[in-house]
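As recorded in TrEMBL, the features of this protein are as follows:
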type	residues	note
DOMAIN	266-359	domain 'Transglutaminase-like'
ACT_SITE	CYS274	active site
ACT_SITE	HIS333	active site
ACT_SITE	ASP356	active site
BINDING	ASN396, ASP398, GLU445, GLU450	Ca(2+) binding site
Amino acid sequence: MASHNALLSGIDLQCYENNHAHRTEEMDMERLLVRRGQPFSIVLQCPDQIPRIPDHQLNLILHLGKNNEVVLKVSDSKQDHGKWWFSQRNAQGEVMLTLHSPADAPVGLYSMTVVLLSADGQILEQTKSQTFYLLFNPWCKNDSVYLPSEELLQEYILNENGILYQGSWDDITTVPWNFGQFEKDLVDICFEVLDNSPAALKNSEMDIANRASPVYVSRTITAMVNANDDRGVVSGRWDGEYSDGVAPTRWTGSVPILRRWSEGGGQRVRYGQCWVFTGVACTVLRCLGIPTRCITNYSSAHDTDSSITVDYILNDQLESVYEGRKDSIWNYHCWVESWMKRDDLPEGYDGWQVLDPTPLERSDGVFCCGPCPVYAVKEGEVGMKYDTPFVFSEVNADLIVWIVHPDGERIQVSQNSKVIGRNISTKSVYGDFREDITANYKHPEGSMKEREVYKKAGRQVGQKNEGPGQLELFIKHAPAIHGTDFDVIIEVYNAGREDTVAQLTVTSNAITYNSIHRGECQRKTTSLTVQAHKAHKEVLRLQYDHYGACVSEHHMIRVTALLQPTHQDKIILQEINIPLKMPALHIKITGKAIVSGKLTANISFTNPLPVSLQGGVFTVEGAGLTEAKEIKTHGKIEPGQAVKVKFSFKPTRAGLRKLLVDFDSDRLRDVKGEATVIVRTKMQNRNAVPEI
């Protein structure tokens with residue numbers, strides 16, 4: 001510590017100037033947060049003693065790790081490439097030190113002490129220790145997360161508002177998500193997640209050294225976002241029983257999840273599903289400085305046996321017949337991509353990497369997935385780490401359908417290469433609309449190149465029953481609005497020259513987004529004769545009385561049709577998933593949108609169901625606007641009844657901000673809404689205009 005005759009009386013970390021220069025001012029203005037590979041300056045105060053300093057030597061001592069496991073000595077000469085160093089400029093009563101960090105320095109919380117040495121190397125004085133965070137730097141050309149596009153960085157690092165895609169491949173829906181990576185103290189929680197990893201708890205010094213690598217850090221985050229093996233953040237659940245936690249559909253952002261985990265001492269937060277894991281992972285990775293975006297893959301395969309096929313084994317009643325774990329096709333599945341160099345792989349696999357934090361399969365004994373190069377997936381290079389075979393299956397497996405007859409005989413009835421991995425989607429950097437990135441993951445479905453890649457990935461290419469036969473089967477449906485009855489039309493067309501007799505079995509089931517059956521709604525079996533060059537239509541009327549009791553929180557109905565011609569081998573199976581349209585949730589914001597000024601959100605919702613709702617609760621949150629809060633409704637909400645609530649808040653940060661609202665009740669969940677406001681730093685003579 002400095003004495004009363006001290007040459008060094010204090011340090012000014014210049015947080016305001018440095019954080020602005022390093023694009024971390026949204027995180028904090030009172031603490032120093034800088035990005036590696038980019039210089040930052042501190043001011044050393046030396047009143048009345050400045051002439052003596054050139055006769056001495058200044059050094060900096062950096063400690064890294066909760067227990068100061070790693071110690072670095074920093075001098076004023078650029079001795080070795082890739083080492084910390086500083087330059088100094090003297091002024092009256094002050095010395096400005098400009099610190100240069102290597103672009104591959106470990107990220108983390110550093111403590112810094114300035115030491116004054118005599119000419120013979122004796123310590124004369126040292127300052128009180130100061131701390132700062134060092135983050136990845138995608139603006140730095142020498143950083144392995146460098147992304148040479150300011151437009152992309154504005155979205156994939158700096159944007160706190162996101163869109164997650166749900167629904168089905170032919171009826172895509174959107175869900176707003178608050179990443180909130182710059183909310184107060186979130187950076188501390190993100191590093192707390194790393195500190196709680198098994199590797200950090202086992203050997204913290206080695207873990208800290210490895211934090212120089214985005215491959216290591218991103219893989220660790222992928223494992224830690226789910227709580228299956230460790231002190232991870234979110235516990236997954238898919239069975240509809242969430243009474244001892246929060247239903248996955250209730251969350252509107254990552255911040256309350258991460259805060260709840262931290263405040264609970266690392267206790268897992270209940271509950272999440274794939275989009276929740278994805279949103280939390282995106283928040284942490286963007287906060288740490290790794291460019292990241294959220295991905296939705298429609299008709300996503302979950303291949304349990306690494307066969308690069310999904311096997312549906314059914315009896316002639318369309319009931320699943322499985323032994324052990326079964327393959328499935330998720331209506332959609334979400335993961336993240338992060339941008340980085342892959343110095344651990346041969347040349348050519350840099351760029352976007354798949355990271356999947358949802359606990360699906362183990363990788364090296366742990367529930368995590370990635371980073372897996374998107375390019376390796378597209379080219380069928382399944383030997384590239386990490387977990388490329390699993391990701392390849394998710395987007396490009398073949399669907400094989402088997403029918404088991406009553407005598408036990410199992411017959412393969414089709415192999416289809418075109419149903420898995422559709423409309424792979426992410427939010428555009430140019431606005432709140434969808435960008436289709438399917439072409440990043442695979443060549444055009446059914447093309448010669450795509451089949452070559454599939455074969456290279458280790459599978460024989462089957463063509464069994466790929467082309468249309470004499471009979472063709474189609475499923476269509478009228479607009480499906482939750483709470484109403486609607487028709488599903490099954491059309492059988494006979495392209496042949498002769499009349500054909502067949503049996504048609506149609507079932508409708510309430511399912512979750514990841515294909516778990518919650519109950520059969522209706523079933524219909526018909527014997528029919530289809531005239532040559534004619535179509536036969538069957539109508540299945542889906543009534544709320546049938547599906548309302550068993551529909552999942554994902555509001556999804558799956559209709560499956562099995563057509564079995566009497567006199568030919570070709571059996572046809574078709575399936576569609578029907579997302580039920582949800583009611584609108586209206587938000588109107590009043591007041592002048594300025595920092596610390598009062599705004600009021602007027603939220604209204606009308607019950608669309610023919611039954612009453614109970615236990616209604618609105619959840620609101622918004623980065624830079626308000627922390628997550630709940631507003632409960634009282635009593636029953638009758639059919640057709642409107643419920644209105646008001647909520648006041650004071651914005652904390654300027655800029656384009658989104659208020660996200662969720663409504664949940666006993667019979668209706670996952671109703672979302674959002675409103676956008678432009679928050680200004682000072683009063684202006686116009687009102688903020690919300691976009692509803």
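Just so you know, glycine gets a Cβ as well, placed from its N, Cα and C.
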Would you list, in sequence order, the residues of this chain other than ASN396, ASP398, GLU445, GLU450 that have their CB within 8 A of the centroid of the site's CB atoms, where the site is the one recorded for Ca(2+)? ALA397, SER417, LYS418, ILE420, GLY421, LYS442, GLY446, ARG451, VAL453, TYR454
I'd like to know which of the binding-site residues GLU445, GLU450 has the most other Cβ atoms within 10 Å of its Cβ. GLU450
Distance [Cα-Cα, Å, rounded] between ASP398 (Ca(2+) binding site) and HIS333 (active site): 17
Fewest-neighbour residue among recorded positions, criterion Cβ within 10 Å, set ASP356, ASP398: ASP398
Just give me the nearest neighbour of GLU445 (Ca(2+) binding site) among the active-site residues CYS274, HIS333, ASP356, Cα to Cα. HIS333
Out of the recorded positions listed (HIS333, ASP356, ASN396, GLU450), which are within 10 Å of CYS274 (active site), Cα to Cα? HIS333, ASP356
Nearest to HIS333 (active site) by Cα, among ASP356, ASN396, GLU450 (recorded positions)? ASP356
Quick one: give me the count of other CB atoms within 10 A of the CB of ASN396 (Ca(2+) binding site). 24
Cα-to-Cα gap, ASP356 (active site) vs ASN396 (Ca(2+) binding site), nearest whole Å: 16
Using all protein chains in view, find how many other C-beta atoms are within 10 Å of the C-beta of HIS333 (active site). 25
